[in-house]
């Protein structure tokens with residue numbers, strides 16, 4: 001309360017009151033202020049007349065029942081515990097520096113046009129029920145009407161055709177378009193084509209040497225503002241580089257230089273690592289397609305087998321992969337149906353695969369056949385058998401030789417079944433009887449059959465074939481009569497691993513064995529003409545050169561050897577040691593190139609270029625070799 005005449009601008013300490021002001025009556029009014037609660041303890045008692053009294057009584061009853069249940073229960077025990085709040089800790093970690101990369105993409109005009117057309121086709125999907133066709137609920141009706149009137153009829157009709165031509169998208173594609181794109185067949189095919197293009201760019205110099213075509217050199221890109229003289233100089237440099245690359249990739253034979261081998265590339269991948277190469281075969285129609293069988297037979301823990309189809313267009317990964325439960329021992333392509341691949345396995349089964357299919361399942365399998373082999377199928381071959389005078393009577397049959405001593409012919413019907421062509425019997429030992437030894441004192445063999453390890457059919461008469469056995473004998477057999485032996489060639493002291501007819505001189509054939517030797521035979525002579533021995537190692541495979549009747553190749557565990565009978569019969573003209581990683585197992589000549597393929601025990605198939613290997617002329621003939629004669 002302020003008395004009249006008091007100045008608000010005067011300070012409190014300097015105010016002076018007169019006697020009249022002191023005598024005046026001053027009224028002072030006292031009012032109650034707000035209550036400030038310093039401590040509030042809520043009550044634990046509820047009145048029986050309160051609204052929540054029924055709910056509180058119910059909770060108290062439940063709590064009492066729980067307490068009574070704990071008294072006689074063995075699962076509850078009263079114990080004092082103290083909860084300790086853990087102290088907060090500070091933990092620091094160190095991570096790599098977060099790198100930021102800028103990525104861009106190129107968008108062409110047609111990409112923009114396709115995106116625009118796609119957005120236009122999706123617009124009618126948001127129309128309101130009852131709205132006319134072509135009018136969207138997202139724009140004012142007046143604008144739609146004006147656009148419809150202003151658009152010419154021809155343009156309007158073309159828009160209708162474009163919208164009707166675009167197929168409606170399914171609900172699944174809208175939900176996960178990326179998943180549909182990644183699993184589409186068109187994308188998979190495009191990736192295969194792109195992969196082949198990249199592989200051909202990487203291996204182009206090597207593939208050019210293999211195919212005997214010029215090596216391509218990437219030209220130097222020059223700007224349009226450079227002078228004409230500089231462009232001419234660059235063109236001359238490019239031509240010189242091309243000539244140098246051609247000279248390096250395809251070296252011309254030097255005077256007096258011997259035959260050499262140069263590795264071009266190697267068929268291998270992580271899938272085949274550790275699987276030994278057991279057999280190889282070219283496709284009869286496509287010379288770029290190679291079938292390779294993988295299997296391990298020496299170790300006790302045998303791995304599962306693989307049959308892979310490799311292509312020259314991608315030496316780093318096979319085109320087809322067929323997984324087998326047992327090791328693969330032999331593979332061969334059909335001539336009548338080049339898409340069929342026959343695979344023989346270590347457990348005696350034979351399977352037929354269709355290489356056109358991307359599935360891994362076999363087309364036919366002999367596992368359900370009652371006549372299936374009980375020993376490993378060491379070799380199989382598609383052979384065209386003569387069954388009549390006409391050309392239409394010729395049929396292709398699948399022939400197999402197995403460790404159970406049987407040579408079988410397989411038929412491709414609703415199931416794979418076979419019939420025996422012959423059984424290879426064991427021959428009597430050539431040992432002379434000791435004085436006083438009786439006829440029945442010799443021990444009888446456990447089995448009357450001799451295990452067959454290899455065979456080869458005559459190039460001109462497919463009814464005649466050679467069969468090599470584990471006894472070291474070579475039988476000349478005929479398919480026309482069961483168990484009909486035309487002759488037996490005895491010369492090896494160990495199992496015969498391979499026999500090969502000469503494709504040019506059909507009366508000559510080769511054989512290799514575990515006795516470290518290679519024998520040259522003439523069909524009409526039961527004694528070997530020549531014996532080739534260079535190292536003390538098992539000779540696993542032999543092959544005649546396709547363009548010469550006097551050159552053949554052989555592989556043993558240590559190296560590969562090229563023999564030229566017109567140069568020397570004592571030493572090979574070329575020897576190349578095996579890689580230290582594994583031993584060589586099989587070989588194969590390329591069909592349309594001067595190359596040699598070598599398979600080893602590590603799962604690698606190396607492609608080697610042959611240089612400076614002289615090819616004998618057509619006028620050269622076989623000399624009259626004989627026992628004890630040297631040409």
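Every residue, even glycine, has its Cβ placed from backbone N, Cα and C.
As annotated by TrEMBL, compositional bias 'Acidic residues' applies to 224-237.
As annotated by TrEMBL, region 'Disordered' applies to 117-156 (among others).
Annotated region 'Disordered' per TrEMBL: 221-256 (among others), in sequence order.
Annotation comment: TrEMBL describes 489-531 (among others) as repeat 'WD'. Using a Cβ-Cβ cut-off under 8 Å and counting only residues 6 or more beyond its ends in the same chain, the repeat 'WD' (489-531) has close neighbours at 430, 453-460, 466-476, 537-544, 546, 548-549, 552, 554, 556, 563, 565, 569, 622, 625-627.
Listed as Cβ neighbours of the repeat 'WD' (532-565) (distance under 8 Å, sequence separation of 6 or more from its ends, same chain) are residues 259, 261, 497-498, 500-505, 508, 510-514, 516-520, 571-578, 583-589, 591, 596, 598, 610, 613-616, 620, 622. Positions annotated as repeat 'WD' by TrEMBL: 532-565 (among others).
Summarised by DSSP class, the composition of the repeat 'WD' (532-565) is 0 helix, 19 strand, 15 coil.
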